[in-house]
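Visitor: Submitted below is the structure of interest, expressed as structure tokens.
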């Protein structure tokens, strides 16, 4: 049982070990949530960032990620489409802002960023989103040092590149890109001065040891990732994991709480699979550390709760969101 008077979690650390993370992950749930909530209140207000995610280029990806319907190895019925034009993407960003989002995330189904017109358009999209007064995030696979610097010059807020799972379990999920490839991409992003957005997926068939190992890699990054998306598998027909079972909501709550304890200042983003969580489960995730969600009716290729439902949920709970709303002006006391 956690002793609230000890100093075990009083400092931000970058030297977590797998065994101690696994111990935290397996704490009695009430104790785990309580400790995570204390840390959440200490380092963050109860404010939830609303991030909108848009697929700029869908399908045709050369990677063989077994959970993804955008892979050329998938037999899913997803409709591929070429890259949207800059104006169309910025119009979508304007709509997202009107609906309450303050971060606009743009996704390309690529193994790596492609130079020439596609990359030039990406730069214009980043600049346009920033001109709207929004944070701009890109996820587009691997990138070069030069590309990272150009994105930084364009004002990119964050670059997303998830680790997906533990180093040990990774080969069961994807074989066309190594774990080290992912770490090198994150290093290039960080060296360019761009915030790192990096998380993973639970429900891929991994065990708690793998989840602890994933969190070990994330929490030992110095500094910690600016944002950490925690996804649960959405099993899509035609993918390698189409028969995957829906995880119990308690597993997501444990993952969110542990991530908050390990990375006190990061945005812990409740991401894909949230539609499968009950309202009560989402509330518990907010209570123990989630402070960002993807906002809007769909993600890249999966559905998501409607923005009307999300705004009602956040207001009913008393969670703050988006600085542009008067509702966010009230302060939250700390304990």
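Cβ from N, Cα, C; glycine included.
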Visitor: For the [2Fe-2S] cluster site that Swiss-Prot gives with 105, 197, 269, which of 68, 137, 288 also belongs there?
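Guide: Record source Swiss-Prot; matching candidate: 137.
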Visitor: Who sits close to residue 65 ([4Fe-4S] cluster binding site): which same-chain residues at least 6 apart have their Cβ under 8 Å from its Cβ?
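Guide: Within the chain, residue 65 ([4Fe-4S] cluster binding site) has Cβ neighbours under 8 Å at 71, 164, 173, 174.
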Visitor: Between the binding-site residues 61, 68, 105, 137, whose Cβ has more other Cβ atoms within 10 Å than any of the rest?
Guide: 105
Visitor: At a 10 Å cut-off from the C-beta of residue 269 ([2Fe-2S] cluster binding site), count the other C-beta atoms across all protein chains.
Guide: 27
Visitor: Measuring CB to CB from residue 197 ([2Fe-2S] cluster binding site), give everything in the same chain under 8 Å that is also at least six residues away in sequence.
Guide: 137, 139, 158, 159, 160, 161, 225, 226, 227, 228, 229
Visitor: Quick one: which residues besides 61, 65, 68 have a Cβ within 8 Å of the [4Fe-4S] cluster site's Cβ centroid, in sequence order?
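Guide: So the extra residues in range turn out to be 63, 64, 67, 69, 70, 71, 73, 74, 109, 174.
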